[in-house]
Structures are given as structure tokens and as C-alpha cells.
Amino acid sequence: MAETYDFLFKFLVIGSAGTGKSCLLHQFIENKFKQDSNHTIGVEFGSRVVNVGGKTVKLQIWDTAGQERFRSVTRSYYRGAAGALLVYDITSRETYNSLAAWLTDARTLASPNIVVILCGNKKDLDPEREVTFLEASRFAQENELMFLETSALTGENVEEAFLKCARTILNKIDSGELDPERMGSGIQYGDISLRQLRQPRSAQAVAPQPCGC
């Protein structure tokens, strides 16, 4: 049976290699931790239908390789993305220091209006932390990002990260800030929304005419 949904959003998962991007995606799609995860080569893909704010939304999620040698390949997948998880490892300052470059890529190659949530992953390794919550919060605030610390291992805040991003996109559609019909918006109407959009015209076409007698 074909899936029905109100909207389809294209999402990216971006950040340096070894931050747990593939594990976050796997936890969100399969609701379990991905054992023996290797570095992504190129891109990986997953999708899931979720309910957000009374709407049914299909998330198409592209997990991009973090290694520099794959950047030219993965950048082509940025186009037309509506949302992104920008991931660093709380136990690796090096991955945190590279966030600005990843964010620049997202806003340049996808869209200046892309909705981004910063994810400090591997929260379960808090004793090995190199990046404080306060420091990352400040970076998020300065760059107008949402922010959560996540654990792909335990699942903590993984679902919330994706849903929070989707909820923000829906709010921007409702406010008129984002237009699903604009080319490259990363948003498509699903069957449900298309039927609702067409309904007024159909109803208008068959509306009874007033009697002239």
C-alpha cells in the first residue's frame, strides 16, 4: 500500500567523520543502535514517516560522508535540502572546530533558509567530554541554530532532534516563510496536501448556481 503524507522534507546529516552520523540515522529509522558502524563512503539514505503538529511528514534523510576526500561527491546532495542535523562529537574538539565550515557549506549549497539543528552526539560518553554544553549552546545561538545533545547509543534526544527540525519547517510553511512550491525548497506536497489544495477549486466548479426564479 502506498504511503500517504502531507509533506515530504529532504534532510541532511552532516559533520566530520566519526561523529556518529550513520548511527543517529539508524537509531531514528530502526530504533536501535548500529553495531560495528564503518565510515560512510559517499552517502547513505533512509526515510521515515512521522506525525508532527497534526501533519504526516515523510523525511528523506541523506547521511553524508565526513571525510574530506568525499566532500566533492557529497556536496551535490546538499541541493534542495530543507533541514539538516549538524553533528559533532562531544568527546572530540576537532569535530567541534570544523562546524563552521560544515554550516557554511549547508547554507551556501543547500539554501540560506535551511533549518539546522546542532547535535552534540555521544552524550553517553560524558566523562570523556571535550566540548562543554555551554560552549556549544553559545555557538548555536550565535549562528541561529537549534541545539540538542544526543546519544545514538541510548537513543536520547535522537527522535527529538529530527522532529524538532521538522516542526520548525512546518511552522515556517504556516507563516509563509517557506514555500513548498518554490524550486529547491526541499519540500514537496504529499497526496493529502495536494487533495486539499485541489478541493476548493473542485468544490467551486460544482457549486450550485442560485435560482433566478
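Here the Cβ of each residue, glycine as well, is placed from N, Cα and C on the backbone.
The GDP binding site annotation in Swiss-Prot covers GLY18, THR19, GLY20, LYS21, SER22, CYS23, ASN121, LYS122, ASP124, ALA152, LEU153. Under the three-state DSSP scheme, LEU153 (GDP binding site) falls in the coil class. Around LEU153 (GDP binding site), taking its Cβ as the centre, 17 other Cβ atoms fall within 10 Å, counting all chains.
The DSSP secondary structure for ASN121 (GDP binding site) is strand. Per Swiss-Prot, the feature GTP binding site maps to 18-23, SER37, 39-40, GLY66, 121-122, ASP124, 152-153.
When secondary structure is read from DSSP and collapsed to three states, SER22 (GDP binding site) falls in the helix class. As annotated by Swiss-Prot, Mg(2+) binding site applies to SER22, THR40, ASP63, with the evidence given as similarity to another entry.
On the 0 to 100 pLDDT scale, the motif 'Switch 1' (39-44) averages 54 in this prediction. According to Swiss-Prot, the feature motif 'Switch 1' maps to 39-44.
Per Swiss-Prot, the feature motif 'Switch 2' maps to 65-74.
The Cβ of SER185 (phosphoserine) has GLY80, ALA82, SER111, LEU178, ASP179 as same-chain neighbours under 8 Å, each 6 or more residues away in sequence. The phosphoserine annotation in Swiss-Prot covers SER185 (among others).
The phosphoserine annotation in Swiss-Prot covers SER193 (among others).
Annotated S-geranylgeranyl cysteine per Swiss-Prot: CYS211 (among others), in sequence order.
Taken from Swiss-Prot, the feature S-geranylgeranyl cysteine covers CYS213 (among others).
Look at Swiss-Prot and you will find CYS213 tagged as cysteine methyl ester, backed by similarity to another entry.
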- For ASP63 (Mg(2+) binding site), the number of other Cβ atoms found within 10 Å of its own Cβ: 25
- Query: Which site among GLY18, GLY20 has the most other CB atoms no more than 10 Å from its CB, taking these as binding-site residues?
  - Reply: GLY20
- Whole-number Å only: compute the distance from the Cα of ASN121 (GDP binding site) to the Cα of ASP63 (Mg(2+) binding site). 15
